[in-house]
Amino acid sequence: MKTLSVLVLCSLAVLCLTSDASFSSQPAVDTPAQEGLFVEQEQASSVVRQAPKELSLSQLESLREVCELNLACEDMMDTSGIIAAYTTYYGPIPF
C-alpha cells in the first residue's frame, strides 16, 4: 500500500511539473494584436470578399463584341461560352 501511494504521489508530481513547463514555455501575451483579434488586410479582404454578381445582358454583349474581333476567341465562345472565352484570351472580366 505504501508503494502505491508513493507511485501516485510521484506521478502527480511529474504531471504537475510537466503541465507547469508547458505553461511557462509560452510567453505571456498582453496585446490584443498578438492574441489573434486582428488579421492582415489581405486575409480580411479574402474573407469578406463578396460573391461575384451575374453579368447583365449589356455587359455580356460588350464582352461578345470584344471577343468577336479575335477568330480563336469567337470559336471558343461558340463552344465554351462567352465568359470562358473572354477570360482565356483577355484575362479577368473588368466589371
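All residue numbers here begin at 1 and follow the chain in the order shown.
Heads up, the Cβ atoms here are built off N, Cα and C, so glycines get one too.
Disulfide annotation in Swiss-Prot: Cys67 is bonded to Cys73, selected among Cys16, Cys73. Looking at the domain 'Gla' (45-91) alone, the prediction's average pLDDT is 90.
Rounded to a whole value, the Cα-Cα separation of Glu65 (Ca(2+) 2 binding site) and Cys73 (disulfide bond) is 11 Å. Cβ-based crowding with a 10 Å cutoff singles out Cys67 as the top-ranked of the disulfide-bonded residues Cys67, Cys73.
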